[in-house]
Structure formats: C-alpha cells, structure tokens
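Now, the feature entries from Swiss-Prot:
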BINDING   Q84, G102, E103, G104, K105, T106, D491  ATP binding site
COMPBIAS  918-927  compositional bias 'Basic and acidic residues'
REGION    865-938  region 'Disordered'
Amino acid sequence: MLSKLLRLGEGRMVKRLKGVADYVNTLSDDIEKLSDAELRGKTDEFRARLAGGKEDLDDVMPEAFAVVREAAWRVLNQRHFDVQIMGGAALHFGNVAEMKTGEGKTLTSVLPAYLNALPGKGVHIVTVNEYLAKRDAEQMGRVHRFLGLDVDVILGTLTPDQRRAAYNADITYGTNWELGFDYLRDNMALRLEDCVQRGHHFAIVDEVDSILIDEARTPLIISGPADGGSNWYTEFARLAPLMKPDVHYEVDIKKRVVGINEAGVEFVEDQLGIENLYEAANSPLISYLNNAIKAKELFERDKHYIVRNGEVFIVDEFTGRMLVGRRYNEGLHQAIEAKEHVEIKAENQTVAQVTLQNYFRMYEKLAGMTGTAETEAAELHEIYKLGVVPIPTNRPMVRKDQSDLIYKTEEAKYIAVVDDVAERYEKGQPVLIGTTSVERSEFLSRQFEKRRIPHNVLNAKYHEQEAGIVAEAGRLGAITVATNMAGRGTDIVLGGNVDYLLDRRLRQRGLDPIETPEEYEQGWHEELPHIKAEVAAEAKDVIAAGGLYVLGTERHESRRIDNQLRGRSGRQGDPGESRFYLSLADELMRRFNGATLETLLTRLNLPDDVPIEAKMVSRAIKSAQTQVEQQNFDIRKEVLKYDEVMNQQRKVVYAERRRILEGENLAGQAHQILVDVITAYVDGATAEGYSEDWDLEKLWEGLRQLYPVGIDHHDLIDSDAVGEPGELTREELLQALIADAERAYAAREAEIEEIAGEGAMRQLERNVLLNVLDRKWREHLYEMDYLREGIGLRGLAQQRPEVEYAREGYDMFIAMLDGMKEESVGFLFNVQVERAPSAPTVAAQAAPAGLAAFAAAAAEQAQAQTGGVATKERPAVGGLRAKGIDDKAQPLTYTGPSEDGGVEVKRSGGGTPSTGGTRKERREAARQQKTGRHAKRR
C-alpha cells in the first residue's frame, strides 16, 4: 500500500497521509496509558521486531509515531498535530514536505528521525547554520533521549574524535558545510581511524530549498598550496596593454566575457616565441591570457576593486563595501594583482571537491522540509528524485497579502516605508521589514533612528543573538529590520515565542538540557504555565493591533524568497498582513522591463511620492522572477552535467582509496600493480612488428627507472631459457620480466624489513599507494578544470561540449590511473626508507595545580613528539619513515556556499580566510561576474 502511495497524485497523496494520521490517532489511547519506562521500552521492542525481519520500517511507522507524539507531550509539553503526523510520514517516504512557516517543521522531523534511527545506521538532520543544529539537537534531542536514543551535533570546533562519536550517535544534527567537508576529509585520511563518518543512510534536510537549490551552485572545495605561476601573470600583464580591442580580441561588456581572435593568438605566439598557443603543452597559457585581458577590460580600479597597502580588495557592486578575505577565482585575482604591480599571492590547488547535489544523492534515502518548495518542485524531482508534498495548514490562513506599491525613485520608496512603519508603531503593531542587503538594512535603521522609532536589525551573522530578537519580533510594538536570510528557524509568535523565552529563563538560572537534564526538565514544567500566560495576554493585544505586518523593501529574484518573507506572518491561523514596496531603481526592475515601466510612470505624470498599483507591473515582476529562476536552474543543471563526469571518477578513486585504507595486507594489490605496470611496458614495446623489430634496449632503459632489472635482454634472445634461441615471443618476454620483478620485489621487502622491522613493507605499500593516488588525483582535478574551461569552444565545431568533456575526461582518467600505478612501483622500489625514532618517554614533571591540566600537558607533549598518542583504538604508527611520502600536512582552505547566498572561505584550524583561491573556488562568484553580478558580500 505504501509503495503505491508515492505514485499517486498530489491530492490522493495528501488523502493517504491523512489516513496515516488517523491510524496513529487510534493508537494514542493505548500509548498514553504506558508509564515512562514502558514508553521508553518501546524502542527496544521496535528494534527487536525489525531485527526479526518480518516487519520493516513502514510496518512499525504508525506505532512509532504514536510513541514519539506521546514522548514529545511528556517532555516538551507539545503534541504533534495531525498535519505534523502527515508531514512526518511524507518525510519517511522520502519526499519534501512543504509546511508553511509556523507549522512546526522542527517538531515534525522528530517523527521520521526516530523511526529511521531504529535500525542503528544513523540519521543525519541537516540545518542551515550551526546555531539551529545545536538548538534542535538540544531541544528535540530531549525527546529522543527520553526514548533511549543517542543524539549529537557536528560543530566546527569539534576534534576528529568528537566528530566520530557524533556520527556514531543514532541521530546526528549538523550543517551541510560540516557534513560535506567531513566526507571529503575522510577521503583524504591516511589512516582508517582518522575517518569520522560511517555511511549515508537517511538525511532530513531542513530548509531544503535553500540547501539543495540556492547553495547547490557552489561546490564544496578543499584546496592547498600549489606551485606559483607568478612569472606568467607578470608576463601577460605586460602583453595585455600592447593588445587592442577589436583587433586582437573582442569584448562583450554586458555578458562580461572576452574572446581572443586569430590576430591576438598570432601576436601572443610572436611575443612568447612559441609556434602554437593551443598545443597541449601550452594550454595553461590560454588561461593566463584570458585573465590578463579580463583584468584590463572588465575590471576597473576603484569600481570593481581597490588597491590598499599593496593588496587588491574586491568591492561589492551593490553595497560598495570592501570584501576582506575574498578573492576572484580561477587566477583572475592574480591577473589583477599583476596589472596593478602588487605582490601576486599564490594560487591554491584543489585537493578534493564535491557538489552538494552529488553529496546528498549519496544517501540511501533523502527527505526535506521547507515552507516554500512548490516553485522548485520540478528541479527537486529532476535532480534529487524528490517529490514535493504540500501539507495542509493546521488552521486556515487569514493573512492579507496586499498589492505591491511601485515608486519612481528609491528615495520616495524609503520615505513611504518609514512613514508606514511609524504609523504601525504608533498603534503597537509588530513589523518585520525585509531587505536584500546589509547596506539597505543599515540605511533603514538610520532613518528609524531619526524618527526615534525603537527597532532591532538582523543581518544573518550572529545566529544565536538574532534568534532571540526574532523570537520577540511578534511582541507589541516590535520593529525588526532583517535581511531576507536572517533569523531563519525561529518562529515569530504573536506575544513572544514560548519555547525560546522559557529556555532563556532556565539558562539564566544556570540550567542546561545537556549538562543538567533532570533539573532542566523539572524547571521547564514548573515555569511553562507562567510563560504561557504572559505570552497569551500580550498576544491578545497584538492581535487587536492587526497581527504581524511584513514589509518587503524589494522583490528578490526568486519568488520563493519573497514567499519565505511573507510566510513569517499569519502562522497557525493568526491575523497578519504583508506588502512589498518597490522602485524602478531596484535590481530586478533594472534588469527586466525597468525602462518600460519608467516610460509608463512618466506618461502618467505622477509625482515621485505617489505610487502605482498595476496588474501589469505585478505580471512583469512575476515574469522577470520566472526568467531568473529558469536561468539559475539551467546553471545548476549545467554544473551537475559536467560534475557528473567527475562524480563517476570520484567514486572510483574514493572506493579504491577506501580499499587501500581498509586493507590489512596490501601485498596482493601491490603485486597486481607491479604486474600491470610490467605488462603495460611490454605491450608498448611489442605492439608492432616481429621480435627483431622490438626496441628492447629502450624497454630495458625504461624498466631500469622503475626497478633494478636482473636479467639482460640479449641473454633472453640468445638462450633457450624461455624458448628456442633467437625466437622470443611477447608472452615469453612478459613472463621473464614479471618473474624478475617479483624477485626484485622480494629482495626489496627483505631490505625494508631489515631496516624497519617485520611488516614494514606492508606499511610502506599503504603509505605509497595513498600518497601517489592522492597526488595524481589532485593533478587530475587540475587538468579536468582546464578541460572544462575550454570545452565550450567545441560547440563552434558542431560538437556537443558535454559529450566531448566526458570522452576526453575518461581518457585522462585512465591515463591518471596508469600513471598512478607506474609511479607507485617506482616509489616502492626506490624511495629512501629509514626507521622512525621510537616514541620517547614523557619526562617526569611536577603535576600542575589541576590533575586535568597535568594530563592534558602530558598528552600534548606526547602528541608533539610522536605525532599522536597511542590508544587501544588507535595503536601507534609503525617505525617507518619514507622520504617524500610522510610529509607534514599542508594548511588547507575550505570553500563552500555561505548562508547569504554568496561564498564562504575558511582556513584549516578555523583561521583567517585564505589569501589565495583555487581555479575552481567560488565558481558561483565567477558566474555572477559574467552576468554582471560580482562576488557577493560575505
């Protein structure tokens, strides 16, 4: 029945979900009679039933949901509504549950999380920021812990051991940033015990549209220092001023692209003294040339960037702010530095990357929650195979959505906004003002200060403090100015948010749901009636004033973001109102049909301070938003189309890497690699002609670079050891060389073990294979990026770029694997090996005042001297050191989507942002540059 349910139409799906909720209701009476211990015992009962194999999760779902509903009532004093039961069932079936703001998505997620955690494979609940992950793990975790499940949270400050413990919990909360980078780091680990994740079973993504759609254009990238190419940046910065537009290259200012023509190519070839710029060996030079021309023609000093203290800083096009720590990607920033004759900062090299699309598609089952997914239903289905199920509201929506008001100038618009807010403030109505940037929110704040209107400003930077402001944004006379993305995850409840106010009061008393759970639970139930009474009394006054008024100061390019803002008002059947104030200077109006509207207003001869309300304008705005949404969808599809090629290669490499990491004895794998390499060499030498035509001298010369060859090819031909003298077949040659290589490998193993002890060769094999695979993979990522950059030109030759990219990428991948094998054999035979110094004993020292401090100091000393403290779970590394293999870890840079829709950069260890950028970093920023929207504010 349940499998059929997913194939039904939307209306029938909702009807079936209602059936699930009704069934859960029939179980409630029996569940309510259970004691706390009996309720908790249900978890073990469910697990036993599932382990028996006769029932699956679908079978136990109704009873499990009834148990969770009762536990939530006893612990949180919150009982799931029927619509929340419906939402929980939709999530369990692997859908996106579209639940309007205020309908209790967080509480809904407890249902499928508990159910899917029963098999013990782990459930990940993904939030948009760490504050929400921590808050939900604490509050919703109270229900799970009451039922006997382990709950933990992944935070950026955790150590690898703490992360491993968190992932081993039944339910793990975290951000897409932390989960994605843990996956990449696991596939860079040099020891199995350094891996932290344990698989991808089931994920529930909160704000699924934001994470899987808005942030999906920016891949997660880990990068490290690369070899610098500053000389080439300088050389092309010298050439660019000598080249002329329309002679050597074409410039499209609107699309922000440049194209080098034939005369330009010839000019560069003459200047550099090379025959063909487009030869494979010269392919990197094309990128330097393009960036030099872009830096010259498309980026103006003091407009797009400024130079201060010998550094180039990007300027935000919308806010005019200097973006400290942000750099253009793909070598463009270095080209601008060369143009301005300042120090050229090193470019970073990508060492690992994955798109959010491909990360989340690894989960066996994926589900999501949001208040606004209907406009993106097609994309969610096409890319993630997720259906969108609109869940009915618990109470009818009575919010009034007023028509947009359009003003001719931005100044007139903001004057009208302030007047409207002042009028609402006088009667005590709470107002939430949505802006599109920090600069605009601060501008409004200054206007309110001039009018002496008390208010709060939210800029999506300090989530914990902002959650407190949002929790009180529905109180009498509260005026809140917020960027569109600020304060997500906290309900604006008329009169104040009971849960938040109660939690704050308990924390002020020193109580914590994790540190002091029993006292916290007791205090919760004691204080709850008082807080509820206070909030209810104030809510009556707020309702009398008209409820929450949401005022948008600009239309977002996505209808979904506008709907999110509107959805903050009118929750749970409360009264409310919303309106957008627009001007012809707004970004969306400028990009689409702004001139037409301006002509209309001019003909009407209306004063600047008189707005118009016209259906034509509303239609134009909707049309513009639809166009932008489609453009962004196409961009994401294009990213995914090319990344799918890399994804298949990534799977192969990471699977091979995992086998190496997990393999106790790699002798068999090393032997096969040795045979493959010898076979490839022999095939290359014997591919053409008869044996007398083979260049065995060249073959032997190549083999001697790999291992100490112990036989002579003349002896093979002249003796009858492998057949008739003078007659040498390819098979005879191959078998003789394989036998010789095996002899040499056995001798090498004896040599290594004499130096570093028994088992040292196995350790060397693991170290070499991991090191070489990682290095060749990094080089491959670099080459694939170059291929991706230039592949678009294949369209001019009537070829499909994505097909050519897949074909050539496959050839490059096979070549990379062959190179990895060859290099590994060379390292295994030739790397210098010595015994690593044994772990020194920690010198005795006087214990500091605190025993914990003493233990920490001793552990730190041991860590510094041995590279890690040996434990039962993590034994000490063997006594082997290989030159060029066991190098120190390089500082890493992490690049991924930020919550405000831009790109965020972090250094390993939580340091300052990187001063360099990879060629792939901030891919979304590059696209924004091409469409006239430069790198956004962090």
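Note: Cβ is positioned from N, Cα and C throughout, glycine not excepted.
In this entry, Q84, G102, E103, G104, K105, T106, D491 make up the residues listed for ATP, with the farthest two CA atoms of the set 16 Å from each other. Between the listed binding-site residues, namely Q84, T106, the fewest other CB atoms within 10 angstroms of a CB are found at T106. Residues near K105 (ATP binding site) in space but far in sequence (CB under 8 A, at least 6 apart, same chain), listed by position: G87, A97, M99, D206, M369, T370, G371.
Ranking the binding-site residues E103, D491 by C-beta neighbours within 10 Å puts E103 at the top. The C-beta environment of G102 (ATP binding site), restricted to residues of the same chain at least 6 apart in sequence and closer than 8 Å, consists of D491, I492, V493, G567, G570, R571, Q572, D574.
Highlighted in sequence order, M99, T101, L107, T108 have their Cβ within 8 Å of the centre of the Cβ atoms of Q84, G102, E103, G104, K105, T106, D491, the residues recorded for ATP, and are not part of that set.
Close to G104 (ATP binding site) in the fold, though at least 6 residues off in sequence, lie Q78, H80, F81, Q84, each with a CB less than 8 Å from its CB. For the recorded site, Q84 (ATP binding site), the DSSP three-state label reads helix. Following the DSSP three-state reduction, the secondary structure of D491 (ATP binding site) is coil.
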